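Everything on this sheet refers to the single structure shown next.
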Amino acid sequence: MPTKTSTPSSQSPKLSHLRPQYIPNHIPDSSYVRILDTTLRDGEQSPGATMTAKEKLDIARQLVKLGVDIIQPGFPSASNSDFMAVKMIAQEVGNAVDDDGYVPVIAGFCRCVEKDISTAWEAVKYAKRPRLCTSIATSPIHMEHKLRKSKDQVIQIARDMVKFARSLGCNDIQFGAEDATRSDREFLYEILGVVIEAGATTVNIADTVGIVMPLELGKLIVDIKDNTPGIANVIISTHCHNDLGLATANTIEGARTGARQLEVTINGIGERAGNASLEEVVMALASKGDHALNGLYTRINTRHILETSKMVEEYSGMHLQPHKPLVGANAFVHASGIHQDGMLKHKGTYETISPEEIGHKRTTRIGIVLGKLSGSQALRKRLEELGYDLKEDEVDSVFWQFKAMAEKKKVVTDVDLKALVSYKAFHAESIWKLGDLQVTCGTIGLSTATVKLVNIDGSTHVACSIGIGAVDSTYKAINLIVKEPTKLLDYSLNSVTEGIGVNVTARVVICRENNHTSTYAFTEDANYPTFSGIAAEMDVVVSTVKAYLVALNKLLRWKESFRCA
């Protein structure tokens, strides 16, 4: 049974419109734009962005705070772990109804394959509002070289799979035309008409390779509206990639010309150059919807944008550029003397959007601070304010690490807390944990590392190794114990806090040896994903080792999921 909860999704003073009643194929208010967030599906396809089920659940709960209409939490048939994560989100997040009746649609992604569709339905059917999102390529290059099927065969598959999805009991079905912007127009109109007749309630127009200009996408939406049989009875959606840096502009133009569902990701993460950014699209609509976009609006609670962005950044390991619009470190920082003078006289001189609208706090650039005298309740409250829903034992675990840090640093900032939670979020699921570490390095001879790891079964294992530097020797020692061939794809260090007692965040990205970096494919061939790890410590080497273990444990859990599938 759905549970009644009170969420902030309807409490922002900016939300003057009521959310229209949810009907799969119709929006009672023609000015309302649905937001489908695919951070947990397409966003996770970014190399190194693989997330655990717990991390996905945390982000899904944060998306509810935002008031996202549809959450696409994954591709259930990709692996057993993906299936379980989507099912858990459907059960827990997909039944949390707020006081205004809002509950997100939980949408499982699947190819136009019966097994995929059945698996996706088994994962999402527990939600109050389940949806199936099935997709097939419609462009000549994809049909010829990837699918190796004729137009007639693709149309038949699309028709049959939408009907099959309907037969399972799902009444909310999205059909996606992959690479729609490079598809033959007449063929696109035809296949969309066929799936609408078969029972699709939303049709998704994908600019899969991010190749079109805004005017071209707008013209495509208008042409689809004018030439597709039955199009008035469904919702038109867009899914824009950012290969030319036009994803946000294309998405806004799609909405202006008739799309009433927009697929986006937090921070714009996704395949290759990423997807349209939720924060950019939503704030563009909020800022210009009344004046330039004929009154278009969403029900996104923008005050939760920043904390959601930071959570996704930490869990995915995808660091933001400082100049990233709205959520980058420099987005509301004014360094020029002329700009500072203008800001002192009137903030509107250089800010058209108030940073408070998206959750920034001007009181300090690094957030509210806690110290060594702070208790667990103060810590719990601050973690809740930052968007983290931790169990009692998880808070206790973070608390003792927080106290240890506070003894050394005197003050612990929001950034410190987020780094701690980011590590703890996965640490509980670890197969291997760091016991002890000793490293000898310098200008004479090779570096030597001695590592003790603790296995999930309680056994301890010790190994020594030499290498070129502390990191190399330590990783080699770990590999002697774990015996899992890996390749280090990326390694970076970042000082995430201010002051003398610097807390260093290490981020690593690994894959299995001889692996491709692509994390997703529509083919039957399994492409091993890449895995990122992030950890924060005051000791650079310890931080680096813990980050590597986080990534390594994710890889091992991923292998386990295939054995269980």
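Yeah, the Cβs are placed from backbone N, Cα and C, and that goes for glycine too.
Site annotation for divalent metal cation in Swiss-Prot covers H239, H241, N275, and the matching candidate from D42, D457, D472 is D42. In the three-state DSSP classification, D42 (divalent metal cation binding site) falls within coil. Cβ neighbour counts within 10 Å, taken over all protein chains shown, single out H239 as the most crowded of the binding-site residues H239, H241.
Cβ packing within 10 Å was compared across the binding-site residues D42, N275, and the lowest neighbour count falls to D42.
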